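Quick look at what Swiss-Prot lists:
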- 9, 10, 11, 12, 13, 14, 15, 16: ATP binding site (BINDING)
- 11, 12, 13, 14, 15, 16: substrate binding site (BINDING)
- 34-37: region 'Interaction with substrate tRNA' (REGION)
- 100: site 'Interaction with substrate tRNA' (SITE)
- 121: site 'Interaction with substrate tRNA' (SITE)
């Protein structure tokens, strides 16, 4: 039976390159698990591989949503599970590539999403309107520090959702997620790219500089014409949020660059913390030869 391989780890650690290399070795197809690469036209700012960079490897779950759509882990899970099972039915190896934490977990674990209640949600949305997202996120931190650690303090939708789940279930938001010591769906093997700040931070700065050199601002301007606004899932993405603020005169372009770098570093710390808690991950050194290390772990070297 074909076993899927998941490639996880922090932003700028080389997941896409490792995914392509493994797909070549294992006759695989890539399933994207980066929530922002699901958006059409969000290419430069998400380091989405170009068609040429995909080297003939089929990719799934790229360019699925319009920038006006609200992201949905449940919708992604349904669509991506279907993709993985289709790839397996054709005798090919699904290579799941991405660092979006809840999206990875929704795919490799059989995550049944907790209930919703429009009245409870409306109450938290009213409180959001009253006190603002950062204050509401601080309340979440008091109730459930683990949930607050993986939800950005400027993400109103997921902050409200976490509070809704806590109230409806009487448990921490994290308790609604499957345990990370359960067998992964399909027996998926999880390969993680281990990095140090000393190695990764310069890569983040170089990647951010390259984004701006390659036309990131023009990309955002084009997406604004497609309906991108700051108060949306896509508009709150790291980099896009800062460029939109600079376009609106709310910060300088220098600040936009610096805050993209620091925002990415903050996100990387959360990714490290999240994936380090998953003992099913087999780690490879991102600064070495991760492909050779991964193949050895998989018993293919």
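For all residues, glycine too, the Cβ spot is worked out from N, Cα and C.
Given the structure is predicted, the values throughout are model-derived calculations rather than measurements.
Residue 100 (site 'Interaction with substrate tRNA') is 12 Å away from residue 15 (ATP binding site) when you measure Cα to Cα. Most Cβ neighbours within 10 Å, among the recorded positions 15, 121: 15 holds that distinction in the structure as shown. In the structure shown, across all protein chains, 13 is the one of the recorded positions 11, 13, 16, 100 with the greatest number of other Cβ atoms within 10 Å. Other Cβ atoms within 10 Å of the Cβ of residue 9 (ATP binding site) number 27 in total over all chains. Long-range Cβ contacts of residue 12 (ATP binding site) within its own chain (separation 6+, distance under 8 Å): 47, 200, 203, 204, 207, 264, 268. Fewest other C-beta atoms within 10 Å: among the binding-site residues 10, 14, that description fits 14. The ATP site is set by 9, 10, 11, 12, 13, 14, 15, 16; from the centre of their CB atoms, other residues of the chain with a CB within 8 Å are 99, 193, 195, 286.
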